[in-house]
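A.B. asks: Okay, these came from TrEMBL:
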BINDING   P205, T207, R212, S381, T382, E432  L-glutamate binding site
DISULFID  C445-C547  disulfide bond
DOMAIN    121-496  domain 'Ionotropic glutamate receptor C-terminal'
DOMAIN    131-196  domain 'Ionotropic glutamate receptor L-glutamate and glycine-binding'
SITE      R180  site 'Interaction with the cone snail toxin Con-ikot-ikot'
SITE      I360  site 'Crucial to convey clamshell closure to channel opening'
SITE      R387  site 'Interaction with the cone snail toxin Con-ikot-ikot'
SITE      K479  site 'Interaction with the cone snail toxin Con-ikot-ikot'
TRANSMEM  248-270  transmembrane segment
TRANSMEM  331-353  transmembrane segment
TRANSMEM  568-590  transmembrane segment
Amino acid sequence: YTSALTYDAVQVMTEAFRYLRKQRIDISRRGSTGDCLANPAVPWGQGIEIERALKLVRIDGLTGNIQFDQFGRRVNYTVNIMELKNSGPRKIGYWNEVDKMVVTATDFLGGNETAGMENKTVVVTSIMESPYVMLKKNYEQFEGNDQYEGYCVDLAAEIAKHCGFKYKLSIVPDGKYGARDGETKVWNGMVGELVYGKADIAVAPLTITLVREEVIDFSKPFMSLGISIMIKKPQKSKPGVFSFLDPLAYEIWMCIVFAYIGVSVVLFLVSRFSPYEWHTEEYEDGRETQSNDQTNEFGIFNSLWFSLGAFMQQGCDISPRSLSGRIVGGVWWFFTLIIISSYTANLAAFLTVERMVSPIESAEDLAKQTDIAYGTLDAGSTKEFFRRSKIALFEKMWAYMKSAEPSVFVKTTAEGVVRVRKSKGKYAYLLESTMNEYIEQRKPCDTMKVGGNLDSKGYGIATPKGSSLRNAVNLAVLKLNEQGLLDKLKNKWWYDKGECGSGGGDSKVSLSEKSNGTPVNLAVLKLSEQGVLDKLKNKWWYDKGECGPKDSGSKEKTSALSLSNVAGVFYILVGGLGLAMLVALIEFCYKSRAEAKRMKVAKNAQAINPTSSQNSQNFATYKEGYNVYGIESVKI
């Protein structure tokens, strides 16, 4: 097509110059001779005439009708849409300015994608990896594809049904996914099977990576995943002797003790200070004693006892009489109500939630310690991710892994899982999240996934470069995803057949908008593997965020109530105690003023009748229960 455009361009120039010659327009340049580089660049005076002549050209070229508008843009032309097939190019439609794209071929949307494959058996390569491809327990009784079961076995059957071809499942001999040897540059594993024509398609947990995309084609991802951390499941912590104190933080318990002592002291002081807490002793039948001694029930020990009884919600045989004392008791009861309710609610959560203390919660935790070793599969996309990453955290982890002694790399995933289980918590294995979730559901149920995924990628179905199966497989994967079959298959092989109870969760496959085999696609894959995409997201989402730091995304755990959770009730308690002391002062002032008036009346009466007035004054003073102006001491 480029050659045709070049030919038409020359024809347009020819027609334009013919027109100028017919019009006897001189377009030659004069006055400049010699070396072109020695002459300065000046505008061509006849350029306007040439432009006008070009716009007037109207011819039929190899690319169709050729004519231009007043701005020099091509108009009134039609472009044929061709499709490359095994038998050669085929016209499937056309495009023009009026109708836009028009498809004329009725079988364009996939009718002939697998033409000629009906009589050929497609070789599907895969790898023995649970739960993707596994031998049946009684596989000796079967032949061919029926010997195998698993996620990829079911997926291959569905794709073959949608694409309309027969297939033979072949297990890759060397048991590898596919990597290029650094010295010989030869590809091994399933990628090598496709590159060297030994297989037609690879249906396996094959990660879409940059280096693989350069030599083979991938379909849209049928499963999304990321690198995750596997550790040995920590033992459940045994409850301690004083574990009943865990629902409240240490500082809250200390504040409660100080609050108890403070309330008792304030209650004692306001009871001493308020005149309404003093009263004459009574007999059991309610008659007052003949003694003039006044008593106050709220000594320091009784105040401590009253506060303790109220806190334990058991009550007490004494209660405040004065307003100030009742304010102290009221705010203490309210404080007790909130604290006891909060303690009870959090205690229930502590008793129902299994508490397992994990030493590692994220990649950051791994990188900043050396007690727990960590590694990856020796040949695979996970190791390649750390080797090529430009993120400081992953560079630090890679520097540790490649220099660790003994080696932290394993030859197979099964070896890595065994190493985790036998390490007694001293080894963490970095692997793809889907496999991590699957192993977590397998007996002896002693591994677990911690933290979030370190990256985001996908598994794709691979075909050789330029294979006619690529588009058909792509459409089949998209259709299976829209029908929800991919989710059903994952639930079937991960959780429905799990051996450790329910777990995991939905892992719905998200469709990544990646094109196949284009420079843009390769660039995106390279940026993803180097972690640049994650850097950009963190920069524009979180580093420039206005609402605080990014949530770590760790699982919620039951934790003790901190002082900030119940600080308000302490403020109310302090405010109530201050109010009680203020009321006690008002009571004292009010009673003192009343007594002063009474003393004045008594003095006036004494001037009239000295003997009787003196006796009545002393009696009245004690009767009111306040010994400020009395002569005798008061019994405490």
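Glycine too: its Cβ is placed from the backbone N, Cα and C atoms.
Describe each of these features in terms of where it is and what it packs against.
C.D. replies: For the recorded site, E432 (L-glutamate binding site), the DSSP three-state label reads strand. When Cβ atoms from all protein chains are considered, those within 10 Å of E432 (L-glutamate binding site) total 24, not counting its own.
DSSP assigns C445 (disulfide bond) to coil in the three-state reduction, outside any helix or strand. Taking Cβ-Cβ distances under 8 Å and a sequence separation of 6 or more, the neighbours of C445 (disulfide bond) in its chain are K233, E499, C500.
In terms of DSSP helix, strand and coil, the domain 'Ionotropic glutamate receptor L-glutamate and glycine-binding' (131-196) has 27 helix, 13 strand, 26 coil.
If you draw a 10 Å sphere around the CB of R180 (site 'Interaction with the cone snail toxin Con-ikot-ikot'), it holds 18 other CB atoms from the protein chains shown.
Spatially close to I360 (site 'Crucial to convey clamshell closure to channel opening') yet at least six residues away along the chain are I229, I231, L366, I372, A428, V450, G451, judged by Cβ distances under 8 angstroms.
For R387 (site 'Interaction with the cone snail toxin Con-ikot-ikot'), the same-chain residues 6+ apart in sequence whose C-beta sits under 8 angstroms from its C-beta are W398.
Proximity of K479 (site 'Interaction with the cone snail toxin Con-ikot-ikot') to non-local residues of its own chain (separation of 6 or more, Cβ distance below 8 Å) is seen for H162, given in sequence order. A helical conformation is recorded for K479 (site 'Interaction with the cone snail toxin Con-ikot-ikot') in the three-state DSSP classification.
Taking Cβ pairs closer than 8 Å, the transmembrane segment (248-270) reaches residues 277, 298-300, 303-304, 306-308, 311, 320, 322, 324-325, 328-329, 332, 335, 339, 342-343, 346, 560-563, 566, 570, 573, 577, 580-581, 583-584 in its own chain, all 6 or more past its ends.
Remote same-chain residues near the transmembrane segment (331-353) are listed as 243-244, 246-248, 256, 259, 263, 307, 310-311, 313, 557-558, 560-561, 565-566, 569-570, 572-573, 575-577, 580 (criterion: CB distance under 8 Å, separation of at least six residues from the stretch ends).
Here the transmembrane segment (568-590) has long-range neighbours at 255, 259, 262-263, 266, 269-270, 273-276, 322-325, 327-328, 330-332, 334-335, 338-339, meaning same-chain residues at least 6 beyond its ends whose C-beta is under 8 angstroms from one of its own.
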A.B. asks: Please list, in sequence order, the residues in the chain of P205 (L-glutamate binding site) that are at least six apart in sequence and whose C-beta is under 8 Å away from its C-beta.
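C.D. replies: Spatial neighbours, sequence-distant, of P205 (L-glutamate binding site): I127, E129, Y132, C152, Y177, M223, E432, T434, M435, Y459.
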A.B. asks: Reported as an integer number of Å, what is the Cα distance between R212 (L-glutamate binding site) and R180 (site 'Interaction with the cone snail toxin Con-ikot-ikot')?
C.D. replies: 9
A.B. asks: Counting only residues 6+ away in sequence within the same chain, which have a CB under 8 Å from the CB of T207 (L-glutamate binding site)?
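C.D. replies: Listed in sequence order: Y177, G380, S381, E432, K457, G458, Y459, G460.
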A.B. asks: Taking the centroid of the Cβ atoms of P205, T207, R212, S381, T382, E432 (L-glutamate site), which other same-chain residues have Cβ within 8 Å of it?
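C.D. replies: So the additional residues around the site are Y177, L206, T209, G380, K457, Y459.
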A.B. asks: List the same-chain residues at least 6 positions away in sequence whose Cβ sits under 8 Å from the Cβ of T382 (L-glutamate binding site), in sequence order, or say none.
C.D. replies: I227, T376, L430, L431, E432
A.B. asks: According to DSSP, does P205 (L-glutamate binding site) sit in a helix, a strand, or coil?
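C.D. replies: SS state of P205 (L-glutamate binding site) = coil.
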A.B. asks: What three-state class does DSSP give S381 (L-glutamate binding site)?
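C.D. replies: S381 (L-glutamate binding site) sits in a helix per DSSP.
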